[in-house]
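As written in TrEMBL, here are the features:
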type: COMPBIAS; residues: B:19-28; note: compositional bias 'Pro residues'
type: REGION; residues: B:1-34; note: region 'Disordered'
type: TRANSMEM; residues: B:44-77; note: transmembrane segment
type: TRANSMEM; residues: B:97-118; note: transmembrane segment
type: TRANSMEM; residues: B:180-198; note: transmembrane segment
type: TRANSMEM; residues: B:239-261; note: transmembrane segment
type: TRANSMEM; residues: B:273-293; note: transmembrane segment
type: TRANSMEM; residues: B:300-322; note: transmembrane segment
type: TRANSMEM; residues: B:334-364; note: transmembrane segment
């Protein structure tokens, strides 16, 4: 019942969340005052182990930051784990920029506490405090760019691998 | 990170993930089910909130109405507060400033316009009590009866019905002024609600959403924001239109030389919150007033033309600009919403019936889409 009142009346949010927020790459350029403003936009959600956070194929509306716990990013329908994310990691950021279908399932591996940032809140931040909104957007763009570079590298190495395999197969064919 | 790892498959392929779920690497003790304590808790919170709202509406309808009034005002003023915040003012200061200016402007308008309005209302009341208006109606009935031949004077019951109508209407209308003052005196609740909603609206919204179970969270978020945006857009648009229509009606009537143009403009502006019906009623009222005050039909054509022009302007210029951004509803649904709203909560219900119906439509559509697209 106590937690009910806390959730209704807005009990104090943990100070460690603030520290953690500053440690998230997305928000590392923000001053503590700006972090407070961002903190007010974030929704805090608790998940138990095994609970799905979102499911592949659903429309997505925002990103999640892991405060505590481990999250498994899985590919449906096989349920194959693509990556495991832990404290301070974030995922689902593309949905923050564009309402898209979730391209993988996110499931809590342990009991988790997540902070979520949603598109409508980001848009309202851009409306009310453009300076801060742009700051967040800029680092978001940087991170998405970095990931794009990573993926391009990966695609390149995979292509190279494919070619090597094809060549090897071609040689084998020629032999046969 | 998730987004970059797998390519997007068509949603339909995975529309039935239920059976596939046990295959995922989940600790067995956790696979038992959803987080029981959390969802129980939020269910209780929802239930308590619902009971609270129902109890408030049942026990203190007038106070619930004032809270709704405060919420509507908050919707109208939120862009101003956001604008001030954008230019670097803190949210609390911005809210205080907007509220102070609003109170000052309201005070000024009341101080300047109220004497004129009360004057016009008083003169209407005097003429009514002197029997002048009733006499005019009696003359008209006699004239009609003479022309039609087959009806006896008084058969039409025009005088009686007008007396009934005016008793029903002007009674509360004239009694409205002290009532309103009393309400305003008692109803510190409106500015209080307004201030709280303007300042803490975003926080409050977040807190409301915090009790939604995880499974429905993103879906609830989508519905909530769409409904919120529609409601805000509708109310702000209607308020703007009401002001424009009210002012141009008052101006037009003044130019036409119709008496009580201030009262009529005010009534037309307010009535305009009720689509279709409001305009017809206020046009009829203006025609009746012009007939009664001039004792003839000399102004009727001009008044009707004025209303036709205003209605056309509203439909061609204002409404597309506003409703283009909102849920379009079939006129039959609009009328139904007005009638049901009127039955539930009187005039305020009639004005709010349409936005409430629009919100219900958004919720319904999103739920239908949600059932299909989310794995609820």
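Just so it is clear, glycine is given a Cβ too, placed from its N, Cα and C backbone atoms.
Under 8 Å from some Cβ of the transmembrane segment (B:97-118) lie the Cβ atoms of residues 77, 80-81, 84, 89, 177, 191, 194-195, 198, 262-263, 266, all in the same chain and six or more residues away from its ends. With a cut-off of 8 Å on Cβ pairs spaced 6 or more residues apart, the transmembrane segment (B:300-322) and the transmembrane segment (B:239-261) reach 3 or more such pairs and are scored as touching.
Below 8 angstroms of C-beta separation, residues 98, 102, 183, 187, 189-194, 197-198, 201, 211, 231-232, 235-236, 239, 345, 348, 352 of the same chain, each at least six residues beyond the ends of the transmembrane segment (B:44-77), sit close to that stretch. Residues 76, 120, 123-124, 268-270, 272-273, 282, 286, 289-290, 293, 299, 302-303, 306-307, 310, 313-314, 318-319, 322 of the same chain lie 6 or more positions beyond the ends of the transmembrane segment (B:239-261) yet place their CB under 8 Å from a CB of it.
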